[in-house]
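Colleague: The annotation domain 'Cytochrome c assembly protein' is assigned in TrEMBL to B:4-182. For B:12-36, B:56-82, B:94-113, B:125-144, B:156-175, B:199-222, the entry in TrEMBL reads transmembrane segment.
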Amino acid sequence: MDRGGRRVFAGLTFSVSAGTALIVTGPNGVGKSSLLRTLAGLVAPAEGDLNLEGASQPDMAVHEHAHYFGHQDALKPALTALENLTFWQSFSAPAPSPGFKSAVMKPVQALEFLGIGHTARLPAAYLSAGQRRRLSLARLLITPRPLWLMDEPTSALDTASEARLLDLMNNHLSGGGIIIAATHSPLNLSTIVRLHLETAPEPMAPLSQERDA
Amino acid sequence: MAIWDYANPTRFLRLVEIILPWLIAACAAAFAVGLYKSFFMAPEDYQQGDTVRIMFIHVPAAWLAMMCYSIMAISSLGTLVWKHPLADVSAKAAAPIGAALTFTCLVTGALWGKPMWGTYWVWDARLTSVLVLFIMYLGLMALWRTMEDPIKAGKAAAILTLVGALNLPIIKFSVDWWNTLHQPASVIRLDGPTIHPDMLVPLLVMALAFTLLFFVLHLMAMRNEVLRRRVRAMRMRAASVAAPATARATAQPAE
Amino acid sequence: MTGWVGSLFARELRIAVRVGGSGMIGVLFFLAVVSVIPFGVGPDLNLLARIGPAFLWIGALLATLLGLDRLFQADRDDGALDLLLMAGRPLELVVLVKCLAHWMATGLPLVVAAPVLAIFLNLSPTAIGAVTLTLLVGTPALTLIGAIGASLTVTLRRGGLLMAVLVIPLTIPILIFGVSAADAAVTDPVPFLTPFLILCALTLISAVVGPIASAMALRFSSD
């Protein structure tokens, strides 16, 4: 796949099965975020394709089954926390698939669950960075989508919130979901496959490994 | 840069090397004949005198300016639909030529207008349409210049070019409508079917010469653009030596 | 399935109303432009009555363009655009809904303000009605065409000026038929309905072309 006229990576093949987290690691600038953005359908790959097996609606693209949890919070400071969340709930199409069960929460429940229930009626502008992060995370709980794409999910979270996030991620996995996360810090998750991206000494040498967990 | 790894642009450059000398020769010959005919063979107009000879530049420039936009629109389809790597090079190379042609058309039109209409500029439907076309060419060039990544800029410009192509007939129609509303006095039709063969032949030769000139310039500009992108790709590669372009992947279970 | 359209519309409208009243700023700009005109052309009331519809239209065009550069950029800046693209909803419809909400917040106030400003320009009651009606029909087209420019320049930090340059040539037909219809209502020889219906047609065309082109540009912009 290409980024800004530069081939970021080539010949990358992997598969992740239900209930598994794929942890993408590697040095800065190697293309972890680009990989996630490609999976999210935001960047078109130069060649190759993405497949989701066992989806109930095969005509839906992979990214329509995915939540993208990136660096930006996608919150409107003028709207209250609840309004932000309710909008994403009704706007994002749910993507139910067999073999994936998740406890879908109501927006208020999700806020309570993440410990920011008291901010529901406050405009998002008044929230701290950690609170904004958690509000953004709540988005993943209210619309059921089996695939979570997470770019540095633990940034700007304190230890307690991080533990809660890991609980959530483990719940998601045990419900049959898939997580693909790019991170520097180790994540304590139940079933993990690692994908380590590193710069190749020989440019354009495709090296790939396939692994089913 | 991925698409430049393919052989296509290289083959294109080789093809240009072969074609270009012949095209230049043909263009020079056509201009020699055309200019000779239009200056020495074509009769003076009984009303306009020697001024009529401006038309031999003005009319072909206007025709070519419109053809240039059609080529850009086709190239834009090539960018968006067939994703051909040379399509947006072609569109980008054509825009400044189109701007130059519309500019020539406007300047010669003004020079002709001064003795004929007594003023350099008249809000005539045709002149106005050409002026709008000129602004659109400049806008497209500005869009290309402001966007850093040539691939992205190419796609954005392609969308704008196609919207413009849809819009140009509407603009032409509305300007005509506006014009008949505001000044019913009609302008002398010079390129109409009533033109005398003595004038028509030089005009057609000049049109041929302009077409050849367009293709010479277009191919040259495309070649420059291909080379410019190669330089850009080389620079990017040089910058990313520390972190080369390809990632290798290894996957193993974490237990 | 239509619930998301309503909530998107409500969200856009809420943001527009709560963030510093962008519609009000547009109206202020409109007022400023129109009140400068007599200083330029002189206070001759007959002249003002003749060119009034044209200046109201140009003022509305400029005010619309001024507010459009944030149409998609705000969503891009905070990452919401990525999520809008991923939500599994037809992007063309998303763009159309966003444009309609944007027009409600910024275009409609201009239409409402137009009759008041028309008094400054000595327009007759018929002309005031005609100008307001043409603006009501025509300004959505300005927003929809402007959306193309807004999505093309969404990645540029200071794309507002470039956007105006790209969009203005495309709005010429709307300006021509809008002003012609307004003029035709006052001066006799041309019927009002001909240019007015063409203006309606242009608005409908831009309601198709604008969202399609703009959605295409947005998809490329996330690259």
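Just so you know, glycine gets a Cβ as well, placed from its N, Cα and C.
These figures come from a predicted structure and were not determined experimentally.
Could you place the listed features in the three-dimensional structure?
Modeller: Cβ atoms under 8 Å from those of the transmembrane segment (B:94-113) belong to residues 51, 54-55, 57-58, 61-62, 64-65, 68-69, 71-72, 75, 119-122, 127, 130-131, 133-134, 137-138, 140-141, 144, 157, 214, 217-218, 221 of the same chain, restricted to positions at least 6 beyond its ends.
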Colleague: Relative to the transmembrane segment (B:199-222), which of B:12-36, B:56-82, B:125-144, B:156-175 accounts for the most Cβ pairs at distances under 8 Å?
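Modeller: Against the transmembrane segment (B:199-222), the leading stretch is B:12-36.
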Colleague: Residues sitting near the transmembrane segment (B:125-144): Cβ under 8 Å, six or more positions beyond its termini, same chain?
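Modeller: Counting only partners 6 or more residues beyond its ends, the transmembrane segment (B:125-144) has Cβ contacts under 8 Å with 62, 65-66, 69, 72, 92, 95-96, 98-99, 102-103, 105-106, 109, 153-154, 156-157, 160-161, 164, 168, 171-172, 175-176, 178-180, 187.
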Colleague: Looking at the domain 'Cytochrome c assembly protein' (B:4-182) alone, can you tell me the average pLDDT?
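Modeller: 85, rounded to a whole number.
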